[in-house]
Amino acid sequence: MSWFTPEVIDVILTVVKAIVILLAVVIAGALLSFVERRLLGWWQDRYGPNRVGPFGMFQIAADMLKMFFKEDWTPPFADKVIFTLAPVVAMSALLIAFAIIPITPTWGVADLNIGLLFFFAMAGLSVYAVLFAGWSSNNKFALLGSLRASAQTVSYEVFMGLALMGIVVQVGSFNMRDIVEYQAQNLWFIIPQFFGFCTFFIAGVAVTHRHPFDQPEAEQELADGYHIEYAGMKWGMFFVGEYIGIILISALLVTLFFGGWHGPFGILPQLSFVWFALKTAFFIMLFILLRASIPRPRYDQVMDFSWKFCLPLTLINLLITAAVVLWNTPAVAVQ
């Protein structure tokens, strides 16, 4: 009897897809640090990294070697188990969240009916990594940064979820592929769910702790925040994890609001991966542009903005969407 039954082949293909996608995401996250430095230099009218290799292209290799050979030091006053666990949880939660992203009609790790809920579960898990890092470091700046990060992340995840409820109401599903196919038959959600898009994008920047919402690791205030005591590859996992978060939020924006792998007006459907990659790259550049152009507000202003602006906006968007869906739903006679 052959071991290669259709079920076994499906499992093998799923594992291969998962390995390829996760390796590609990790490599892209590492390369994104170099791309960001070059773009920031270009936009700010200065040189970026330009010494190592042609156009500074090997700078990322030099940085990785430096990080790899640095001493993996753990402070003697830290809780060593939790201190080591925190960067692992931070990076793995973001990588696992990529399982629900449909890159093309055939490429994706898992086609879950609760795809959106799975994403929020993994996003919530990353909050524990930040709390673990700040608490286990036994450092007042790290603890204050972790408390800032957890409060900010939990607050903006509320609005991130509410921003997507309008899409769920219209599609009637939490499945990511169902959402993409709905947009292929109708308008991309950037038009009917524009308020939801704005709130989701703002919340995405805040959840990834990117500028201008990088108060949890503000160098001028907290001396690098919750990962101040980290060095070597542990710090590198936090560092690369931040860029993986940028890629994840950008891919979600493309999937949920910009038609996923579909081109505009159904142009060149055979180039599904190219369309997905181009749209994701656009939002990644938008993240970097925000860092280059916007100052950092105070922490209390960030929290006030979340509850006084984002919450009313998401609730209004959800109410309008529900009213429109009910209006367009044909009445059913009660027997």
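Yeah, the Cβs are placed from backbone N, Cα and C, and that goes for glycine too.
Taken from Swiss-Prot, the feature transmembrane segment covers 11-31 (among others).
According to Swiss-Prot, the transmembrane segment annotation covers 81-101 (among others).
For 114-134 (among others), the entry in Swiss-Prot reads transmembrane segment. Tertiary neighbourhood of the transmembrane segment (114-134): same-chain residues 82-83, 85-87, 89-90, 93-94, 96-97, 99-100, 142-147, 149-150, 153-154, 157, 160-161, 164, 168, 174-176, 207, 216, 226-227, 230, 238, 245, 252, selected by CB-CB distance under 8 Å and a gap of 6+ residues from either end.
Remote same-chain partners of the transmembrane segment (154-174), defined as residues 6 or more beyond its termini with a Cβ less than 8 Å from a stretch Cβ, comprise 112-117, 120, 123-124, 127, 182, 189, 192-193, 195-197, 199-200, 202-204, 206-207, 213, 256, 303, 306-307, 310-311, 313-315, 317-318, 321-322, 325. Taken from Swiss-Prot, the feature transmembrane segment covers 154-174 (among others), and the record attributes it to sequence analysis.
Annotation comment: Swiss-Prot describes 187-207 (among others) as transmembrane segment.
Beyond the ends of the transmembrane segment (238-258), by six or more residues, the same chain brings 25-26, 28-30, 32-33, 36, 67, 87, 90-91, 94-95, 97-98, 101-103, 119, 126, 133, 164, 167, 176, 179-180, 188-190, 193, 196-197, 200-201, 204-205, 207-210, 227, 230, 276, 279-284, 287 to within a C-beta distance below 8 angstroms of the stretch. Sequence annotations record features per position, and here Swiss-Prot assigns transmembrane segment to 238-258 (among others).
The transmembrane segment annotation in Swiss-Prot covers 270-290 (among others) and is backed by sequence analysis.
Nonlocal intrachain contacts for the transmembrane segment (307-327), taken as residues 6+ away from its ends with a CB within less than 8 angstroms of a stretch CB, comprise 155-156, 158-159, 162-163, 165-166, 169-170, 192-193, 195-196, 198-199, 202-203. Per Swiss-Prot, transmembrane segment is recorded for 307-327 (among others), and the stated evidence type is sequence analysis.
Long-range contacts of the transmembrane segment (187-207) within its own chain (CB-CB distance under 8 A, at least 6 residues past either end) are made by residues 123, 152-153, 155-157, 159-160, 162-164, 166-167, 170, 179, 213, 245, 249, 252-253, 256-259, 287, 290, 302, 306, 310, 313-314, 316-317, 321.
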